[in-house]
């Protein structure tokens, strides 16, 4: 065989590949920006305050037949024995709404409404005033489906500790003015399986700071994934699952026809193909029929597997094409780089396990409330190793470009066959390297775009067109399609080519591992094996390949 498909690819076919990639990217952007709704939606709730007559039963403020249940209206300024009740979702225009299993997950945050009290804080010095108080809560989470008569207790958490952090500006310190309080995470559900949710929350104790005022009420923000986004997102994953799985099978079939063991780069490509395929498989469909309480945790692990395989591929891809004088033998030559990647992802996995992993059995758990120092250590280790990885990768990218420039300067003085071979290898490497750079840059830019408020994308008063775009959804769909196109292109272009077979069944095999200034045609780093063909016919065939460089 005469190398990979990319070595035998004409400019016309390469333009066709680029056009296909651009078309898929444009289609994914249009789907995300104009068709798909926002990935998530927040809903605000204000607590209904009740005095429970029976502490063992749920306090319900809206019941389809009986009205409020186990809920007496408290007296003004009453602080003890108050149950804060949240019933979700809220009805709209008199119509009772329910959650859909397409919404997948929900995160709830509470905001305390604390009023400034001059009787407590009047003697404090002038200026801004702060509250940093630890509170202990008893929380019960109830669930119910359409048709159920009673609420079922889904989870109960006693003695839940949270920290209330508030601030009020000095010029606002007047009786009855609200403090500006931070959001407090209450719980996170990784599967939104039920139609209705009920929260009963009670303050058990309050280690108040010296400036803690009057707690008048609680607000809650519930953030859930949009069902419309989930449907389109899973449809895209299903579509790319068939494509990547088919491409991976086709690539493996090509390798088996070589009659030799696969090399390191080919094994890494298979690993990368398996990584993107397992990420594509839409197992989220199972949550439509089963209450899979660990779904978000599982999705994070799958995404980490793909990113880890991608970083490993980049290291080996650049190392195998570095064009230097270093001999690299197998995976052992990349031990230091692989160790850096594994340490970073082990730290991320530990952090993820102590956050969402524990939330599988305790949805009220938050590592930031329990041990924020441990969380910061895990994140810091990951960031430091990530910085080291990208410094190392950038340095080797520079080395690769420098070595390529050196090789190109010596091309005119080489024999014809050797010059064409070198041009094919350099061309292949540059193409994939630029594609890799575009993928990484697009991911970073898209992530920044998703973090910026959509209002900042309006450059003038004509907001009608820009307001119709969903930038966050476009980021998800476009980047997801970009990584799939990247892996699929690698598998296709790096597959062994079937061109070059002669009529006698003999084949011309051009195999590259590493090219140095001391290469000769007879050396194993760039070898051409042929049997019945003459050197003249071989050179003619190589010279007739269309526009390799």
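Heads up, the Cβ atoms here are built off N, Cα and C, so glycines get one too.
Annotation source TrEMBL lists domain 'Wntless GOLD' at 72-225.
Annotated domain 'Wntless-like transmembrane' per TrEMBL: 226-498, in sequence order.
Per TrEMBL, transmembrane segment is recorded for 14-35 (among others).
The annotation transmembrane segment is assigned in TrEMBL to 232-252 (among others).
Look at TrEMBL and you will find 264-283 (among others) tagged as transmembrane segment. When Cβ-Cβ distances below 8 Å are used as the criterion, the transmembrane segment (264-283) is approached by residues 234, 237-238, 240-241, 244-245, 247-248, 251-252, 255, 298, 302-303, 305-306, 308-310, 312-313, 316-317, 320, 330-331, 483-484, 487, 490-491, 494 of the same chain, each at least six residues removed from its ends.
The transmembrane segment annotation in TrEMBL covers 303-323 (among others). Outside the transmembrane segment (303-323), and at least 6 residues removed from its termini, the chain residues within Cβ reach (under 8 Å) are 264-265, 268-269, 271-272, 274-276, 278-279, 331, 333-334, 337-338, 341-342, 345, 348-349, 352, 389, 393, 396-397, 399-400, 403-404, 407, 425, 429, 432-433, 436, 483, 513-516.
Nonlocal intrachain contacts for the transmembrane segment (335-354), taken as residues 6+ away from its ends with a CB within less than 8 angstroms of a stretch CB, comprise 297, 300-301, 304, 307-308, 311-312, 315, 319, 367, 374-375, 378-379, 381-382, 385-386, 388-389, 392. Here TrEMBL flags 335-354 (among others) as transmembrane segment.
Listed by sequence, the residues of this chain that lie at least six past the ends of the transmembrane segment (374-401) yet keep a Cβ under 8 A from its Cβ atoms are 311, 314-315, 318-319, 321-324, 337, 340-341, 343-345, 347-348, 350-351, 354-355, 367-368, 429, 433. Positions annotated as transmembrane segment by TrEMBL: 374-401 (among others).
The transmembrane segment annotation in TrEMBL covers 429-449 (among others).
Annotation source TrEMBL lists transmembrane segment at 469-494 (among others).
Beyond its flanks by at least six residues, the transmembrane segment (14-35) meets 232, 236, 431, 468-471, 473-478, 480-482, 485, 489, 492-493 of its own chain at Cβ-Cβ distances under 8 Å.
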